[in-house]
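Asker: Heads up, here are the entries from TrEMBL:
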BINDING   Asn152, Asp214  Mg(2+) binding site
TRANSMEM  6-28  transmembrane segment
TRANSMEM  48-67  transmembrane segment
TRANSMEM  101-118  transmembrane segment
TRANSMEM  124-147  transmembrane segment
TRANSMEM  159-181  transmembrane segment
TRANSMEM  187-203  transmembrane segment
TRANSMEM  235-254  transmembrane segment
TRANSMEM  275-303  transmembrane segment
TRANSMEM  309-329  transmembrane segment
Amino acid sequence: MSWPDYLWPFGIAVVLSYLLTLGIKRLAEQRGWFAYYTTHQTHQRRMVRLGGAAIYLAFIIPFLIFMDLTPQRIGLLLSVSLMFLMGLLDDIYNLKAWLKLLIQFLAIGTALAFGIRIDQVTNPFGGVIVLSGIWDLGLTAVWLWLVTNAVNLLDGLDGLAAGTTSIAAAALFYLSLFAVVNQPQTALLAIILLGAALGFIRWNWFPAKIFMGDSGSYTLGFLVGALALMGGAKLATASLVLGFPLLDAVYAIIRRLIHGNNPFAADREHLHHRLLAVGVPHMGVTLIILGISAVFGVVSLLSGTWAKLIALAVTLIVMIVLIRTIFIVQRRKRD
């Protein structure tokens, strides 16, 4: 495929996302469809939160126009549609946590049934480790669930979820074009996702004019997780770009379980909320997290397996140090 073969789908996705977001925003304002505020939101005014519909359509329309519908891609279409519908219903009706979890695993099960799975991982000592049976099914389910919910948890600051997804999609696009990978169809999916996210950012950057809602964050998260598996597992690249949100999601679940709380309940204890609490400005928090994601994304593209593992370890250490520093600053403020 030549560059125009990628630029046309990308451009269409950007324009569709931009115009559909504007149209949905105006329609929702006319109808009075505004956000309900919960404890994890950082915004202090009512806002339309149906932007996820624009992101979903901006991805699906170029997908149907430019992609050949293989069984695996049909599975992607069905499973991401389930994720989108679940998020949309949650935005409108505030679904129970157990019901959301059920629909999420129904979507993940659909992806697995159509061949989206981790069938092998790179061995840092050479070669690959082939997975089969319960291992590939279990690891794929955990991976898709973690990435989907990590991006959802990012959607607490303007531009953060869409920005991080854009970085991940760009990294996956570039990696898919490597001669050793050579997956032009996966690259095409990634650049369509990049366009859908970038077109929305114009309206979601601080101060946001519209929210993507759960319909948008679940859609973006699931697509990043799935694209990292299609055409050969690219887990290290996606893990590095999403290192902070993935670790934040795992930390949040463990923290809530330790305190006897619902592990899926929203709160204001995520990394970006803690940075705000110690006085880092809204835009500063967004740029810090996006900057870290971009740096690790570049590292993932320029490094071998061992370097990626070291970078993941560095991400974990930085996360621990940052959380510890925030705790100390908050304690001193209280004292």
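Numbering starts at 1 and runs along the chain as displayed.
Just so it is clear, glycine is given a Cβ too, placed from its N, Cα and C backbone atoms.
Computed from a predicted structure; not experimentally measured.
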Asker: Give the number of CB atoms, excluding that of Asp214 (Mg(2+) binding site) itself, located within 10 Å of its CB.
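Answerer: If we count other Cβ atoms within 10 Å of Asp214 (Mg(2+) binding site), we arrive at 24.
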Asker: Taking the Cβ of Asn152 (Mg(2+) binding site) as the centre, how many other Cβ atoms fall within a 10 Å radius?
Answerer: 27
Asker: If I count Cβ-Cβ pairs under 8 A between the transmembrane segment (48-67) and each of 6-28, 159-181, 235-254, 275-303, 309-329, which range comes out on top?
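Answerer: Answer is 6-28, with the largest number of Cβ pairs below 8 Å.
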Asker: Is the number of Cβ-Cβ pairs under 8 Å between the transmembrane segment (235-254) and the transmembrane segment (275-303) three or more, considering only pairs separated by 6 or more positions?
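Answerer: Result for the transmembrane segment (235-254) with the transmembrane segment (275-303) is yes.
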Asker: Quick check: in three-state DSSP terms, what is Asn152 (Mg(2+) binding site)?
Answerer: helix
Asker: State the non-local partners of the transmembrane segment (309-329) in its own chain: residues 6+ outside its ends, Cβ under 8 Å from one of its Cβ atoms.
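Answerer: Distant Cβ neighbours of the transmembrane segment (309-329) are 124, 236, 239-240, 243-244, 247-248, 251, 271, 274-275, 277-278, 292, 296, 299-300, 303.
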Asker: Would you kindly list the residues that approach the transmembrane segment (187-203) from elsewhere in its chain, counting only those six or more residues past its ends and only Cβ-Cβ distances under 8 Å?
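Answerer: Contacts of the transmembrane segment (187-203) (Cβ under 8 Å, skipping residues fewer than 6 from its ends): 1, 5-6, 9-18, 21-22, 25, 51, 54-55, 58-59, 62-63, 66-67, 73, 76, 159, 162-163, 165-166, 169-170, 172-173, 176-177, 209-210, 212, 216, 220, 223-224, 227, 230.
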